[in-house]
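Copied from Swiss-Prot, the annotated features are:
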type    : residues                                : note
BINDING : Q87, G105, E106, G107, K108, T109, D512 : ATP binding site
Amino acid sequence: MIQKFLKKLFSDRNDRILQNIQTVISKINSMEKFFEKLSDLELKRNTTRFCYRLNNGETLDQLLPESFATVREASKRVFGMRHFDVQLIGGIILHQRCIAEMRTGEGKTLTATLPAYLNALQRKGVHIVTMNDYLAKRDAEKNRLLFNFLGLTVGINISGLSSKLKKQAYNADITYGTNNEYGFDYLRDNMVFCREDKVQRELNYALLDEVDSILIDESRTPLVISGSIEDVSDVYIKINEIIQVLFSQKQEDSDVFVGNGHFYIDEKQRQVFLTERGLVRTEEWLVSQNLIDKKESLYSSKNIVLMHNVVAALRAHYLFFKNVDYIVKNKKVIIVDEHTGRTMEGRRWSDGLHQAIEAKEGLKIRSENQTLASITFQNYFRLYKKLSGMTGTAITEAFEFRAIYNLDTVVIPTNTPMIRDDKPDLVYMTELEKFDAIIEDIKQCVSRNQPVLVGTISIQKSELISQKLLKLNIKHNVLNAKFHAQEAKIIAQAGKLRAVTIATNMAGRGTDIVLGGNLEFLLAHNNEKHTDEKMEDVIKKWNIEHNLVLKSGGLHIIGTERHESRRIDNQLRGRSGRQGDCGSSRFYLSMEDSLLRIFSSERMISIMRVIGVKKNEAISHPFVTKAILNAQQKVEYRNFEFRKQLLEYDNVSNEQRRVFYYQRNQIINSKDSNIGDIIKNIFCDVFLKIVNKFIKQKLLKQSQKILELESCLRDNFNIVCSISKKIRDNIVVYKSDLSKIVLKKVYQSYQCKINKYILKDVRKYERLVILDTLDYFWREHLASMEYLRQGIHLRGYGQKDPKQEFKRESFFMFLNMLSSSRYEIVSILLKKSISNNDFLKIYNHAKLVF
């Protein structure tokens with residue numbers, strides 16, 4: 001009842017938004033004839049006029065109708081493509097800081113040119129964010145023609161570019177790039193040692209393509225820049241052997257601590273927990289391997305890292321599988337994105353998991369890394385002044401977009417009605433029966449010339465289907481993490497006559513599947529080989545194939561398993577039925593599928609048995625459909641709570657990151673003449689704290705504390721301050737006077753040192769000392785924060801709120817880090833002998849770490 005009410009409420013709201021936009025659409029359409037009469041030069045001059053009006057008080061909203069009409073007319077002349085009204089609607093929604101749900105094939109790339117042009121008029125930069133380098137390069141090269149025609153510049157920000165080329169890309173009016181590159185560039189910019197080395201401008205407006213993948217699917221994996229630390233590969237190799245002496249138990253047999261087994265697996269949470277028996281056995285084994293001392297606890301502070309390594313080894317063996325979660329290529333473990341099926345080159349799991357998997361596979365273990373800088377996509381993209389996005393599937397995650405990013409979701413109507421036939425799910429008892437039915441469906445499609453796209457959830461499943469098709473001599477293409485380079489080409493031709501394409505999850509997003517094959521790809525492929533006459537033959541052949549595919553029923557989608565998220569299922573279905581084309585879809589399931597096995601109710605399994613489903617017989621019933629939907633909703637809610645919890649913890653780190661980067665940027669942006677004042681402030685802060693630490697009374701008397709203060713100043717900072725002699729000589733000394741005496745001595749001592757060593761670039765040296773020291777303590781703080789986060793849940797057993805405890809402890813850790821870094825800066829500047837060589841050493845060390 002509540003779901004129906006919410007659905008109706010959202011539908012009414014969506015309709016109201018679209019209705020309100022119609023006035024603007026009518027205004028844009030009324031300008032079309034006028035703009036058609038303008039020359040190319042006059043159309044281009046509109047950009048200059050818009051910028052002038054913007055600088056003189058007009059708003060972007062006031063310029064919207066004319067700017068959209070300008071882009072539409074320019075597109076007609078450059079591409080021969082006219083923006084449909086629904087694309088204008090999408091452009092307006094994107095400009096209004098919302099998420100536009102636009103079905104596959106509705107022209108999201110062309111739609112994005114409208115808000116990109118309008119917001120680029122501010123000359124503050126527009127970042128269009130794509131999922132991979134191929135899409136960024138493709139869209140930039142295509143749309144550059146349009147934007148250059150209108151007098152705007154376009155940059156491409158992809159992996160492998162030099163800092164110089166990146167800076168050029170960011171200085172363009174509109175920049176195309178990947179989510180990873182934008183995030184990593186932000187982190188790298190906050191690690192540089194001079195302002196000129198930064199590549200990004202102020203983060204103004206980001207428009208995210210496939211926004212659901214970036215802000216939801218990838219939000220759990222933070223961007224991390226790491227540096228190598230101590231090699232502990234022998235420890236991982238030894239701990240990998242512990243798998244042979246530990247055995248699991250069923251979760252329902254016990255709670256976390258009691259049971260006959262050594263550990264149990266929580267598949268829902270993807271975690272492994274040691275039982276009390278397992279803890280004892282593990283400690284005994286570690287003692288035998290000389291990894292811990294006899295009678296030592298695995299939970300003691302000195303062994304907590306080993307504890308994490310043991311759990312990582314168990315997770316590596318029982319929760320992470322080859323050709324599902326990762327592949328082994330060139331003797332390296334490469335992560336497979338669970339949502340897209342794409343490999344994630346260069347990315348490594350944290351918490352020792354990656355090393356544990358390398359040990360499991362018998363590969364060379366790369367040394368563990370220390371985090372130098374990190375940020376989640378959630379917090380990175382919230383740094384932009386303005387954010388919007390588009391995707392074919394967003395409505396199921398509308399609540400999360402609103403709750404976390406303050407983004408409303410609007411469903412954009414299709415240009416032509418969608419006529420795809422979504423057939424009901426078929427559920428089999430076993431996986432073997434399910435795959436037999438899938439193969440039979442593929443055979444029938446091929447026999448009637450119908451193209452088929454088969455979506456799988458893992459490389460393993462895609463290769464299983466491929467092997468079955470090979471035995472039947474059915475030609476097909478496999479698209480998974482192992483064949484990433486062929487992705488766009490294969491998916492573009494998945495609509496050809498009798499084409500059978502097996503794709504892992506949503507590999508190939510961003511490339512349209514055209515019935516009969518992608519004509520643009522075909523023409524580009526044949527352009528170098530054939531004459532104009534031959535090219536006409538290619539077009540004629542395509543038209544024949546296109547019509548035959550339409551008669552066969554269009555692209556048929558086969559889902560081999562329901563994904564944890566309905567949105568991913570909708571993405572697969574959305575590949576068919578584009579722009580009013582015919583098409584069909586069906587999902588095949590079995591009671592052995594992970595979703596149903598882990599999350600469905602026992603009642604559903606019982607009903608399947610009571611019905612007495614025969615071998616190779618499927619069940620299709622509203623009750624089953626509802627049970628599957630309930631299972632998916634359970635997982636979606638769990639994943640949302642997980643992402644929400646991750647964000648709550650990361651928000652604490654994010655606030656500290658914001659303060660730290662602000663202070664760091666103050667140092668970088670300060671003129672050399674101001675660095676001296678910053679040094680004085682640091683000296684003042686540190687030495688006042690030192691005086692307050694030793695001296696409590698207002699009027700000084702001879703005491704042990706005064707001698708300790710003198711010793712501290714002498715030993716740690718080379719400052720000789722004879723306070724005790726003054727007191728012995730009966731000179732009255734107050735605490736306030738003492739602070740002034742100490743600071744005066746400090747300033748004199750430091751000035752003498754500068755004069756003595758005649759350092760040419762003293763201010764640059766000071767700047768580098770401050771930055772290098774701050775960065776060192778920040779790295780150590782990040783490691784401490786991670787250890788705190790990993791163990792904070794244990795506070796719950798003491799009736800304390802782990803989140804509040806994390807906030808409280810991390811706050812004091814941060815203050816201590818800032819205080820310790822200032823103390824170290826002062827110690828280096830006062831105690832260390834300095835020369836021009838020291839300047840070079842610190843500079844080179846900083847560059848090496850970076």
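Cβ coordinates are placed from backbone N, Cα and C, and glycine is handled just like the others.
Annotated features, which come from Swiss-Prot, shown on the structure.
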residue: Q87; record: ATP binding site; CB count, 10 Å: 26
residue: G105; record: ATP binding site; CB count, 10 Å: 22
residue: E106; record: ATP binding site; CB count, 10 Å: 24
residue: G107; record: ATP binding site; CB count, 10 Å: 19
residue: K108; record: ATP binding site; CB count, 10 Å: 22
residue: T109; record: ATP binding site; CB count, 10 Å: 17
residue: D512; record: ATP binding site; CB count, 10 Å: 19
Output field, ATP shell: CB within 8 Å of site CB centroid, site Q87, G105, E106, G107, K108, T109, D512 dropped: M102, T104, L110, T111
